[in-house]
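Notes follow once the structure below has been shown.
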Amino acid sequence: MMNERVNKVALIGAGFVGSSYAFALINQGITDELVIIDVNREKAMGDVMDLNHGKAFAPHPVKTSYGTYEDCKDADIVCICAGANQKPGETRLELVEKNLAIFKSIVGEVMASGFDGIFLVATNPVDILTYATWTFSGLPKERVIGSGTTLDSARFRYMLSEYFGAAPQNVHAHIIGEHGDTELPVWSHANIGGVPVQQLLEKHAAYKQDELDQIVDDVKNAAYHIIEKKGATYYGVAMSLARITKAILRNENSILTVSTYLDGQYGVNDVFIGVPAVVNRNGIAGVTELELNETEQAQFSRSANVLKDILAPHFAE
């Protein structure tokens with residue numbers, strides 16, 4: 001028993017997303033140990049107490065505690081959910097100035113602890129802040145992962161499942177690019193239970209392209225609609241973070257549309273962006289390069305360029 005590996009996750013930021021992520025980790029029994037770190041010590045301690053009180057109902061006993069940056073030293077994953085929130089009407093990219101300063105401090109503190117694991121970034125604009133985390137940390141690019149378009153792809157699969165009357169698990173479709181306004185659907189590879197969506201459109205008059213275009217629009221604007229109604233989005237992204245965490249800790253080699261570094265794939269260099277990638281215990285094991293059609297490739301290149309334009313003033317090559 002003494003030689004058994006203990007999985008440890010350090011969560012930085014016990015706001016809506018962070019506390020929902022902690023709740024998901026415990027309810028799914030994904031990790032053995034969870035330490036919660038927040039500038040608001042009382043909030044983090046309250047979360048720990050609340051979560052521990054439900055431990056009898058969890059599938060796996062997760063040791064949950066309040067901690068400091070020093071506790072990151074032996075963590076397998078440090079998940080960063082801290083940062084300024086997106087306000088109504090504010091785009092994810094408008095958050096960049098505020099959150100870059102916050103991240104420089106956080107990542108510096110984590111690395112000073114001796115941390116040598118995997119960073120998982122959730123804070124928006126996630127593609128920019130994942131790049132920042134990689135730069136500030138000095139870790140290999142494979143060990144810095146952003147939530148990317150995992151949630152966007154899940155939203156897409158859910159909406160397509162409702163439209164076509166199939167379980168989301170049987171809908172295979174990706175949203176790639178920036179987690180934001182320039183993201184795009186990969187229709188050329190979308191299928192329902194193995195049947196290409198394009199084929200379903202051709203064979204069934206009930207299915208219409210303009211209705212599918214509306215689904216894409218709904219996916220892109222989902223966060224804005226939720227923020228209008230309840231002030232923030234957190235359950236969906238927390239579940240996507242839990243899914244990525246599970247893929248890492250259980251060495252799954254699962255393909256997820258995370259924000260990862262591109263070094264020539266899809267004709268793009270030096271940017272973190274949402275694409276399908278193999279995720280395992282080492283972080284990113286490889287990028288899955290879909291063969292995009294001409295329209296998709298142009299849209300993806302534009303998305304990457306939008307991110308690079310935002311990075312340029314802050315990170316000189």
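In case you wondered, yes, glycine gets a Cβ from its N, Cα and C as well.
According to Swiss-Prot, the residue from V17, V96, V171 that belongs to the NAD(+) site alongside D38, K43, Y69, G83, A84, S105, A122, T123, N124, S147 is V17. When the binding-site residues V17, G83, S105, R157, H172 are compared by Cα distance to N124 (substrate binding site), the shortest distance belongs to G83. The recorded positions near T233 (substrate binding site), taking a 10 angstroms Cα-Cα threshold over the set V17, T123, S147, H179, Y224, are V17, Y224. Neighbour density for Q86 (substrate binding site): within 10 A of its CB lie 20 other CB atoms from the protein chains shown.
The Cα of R157 (beta-D-fructose 1,6-bisphosphate binding site) lies closest to that of S147, out of the binding-site residues K43, Q86, S147. Here the CA atom of K43 (NAD(+) binding site) lies 20 Å from the CA atom of Q86 (substrate binding site).
Looking at the residues that bind NAD(+) per the record, V17, D38, K43, Y69, G83, A84, S105, A122, T123, N124, S147, the two CA atoms farthest apart are separated by 24 Å. Least packed by the Cβ count within 10 Å, out of the binding-site residues V17, V126, A154, is A154.
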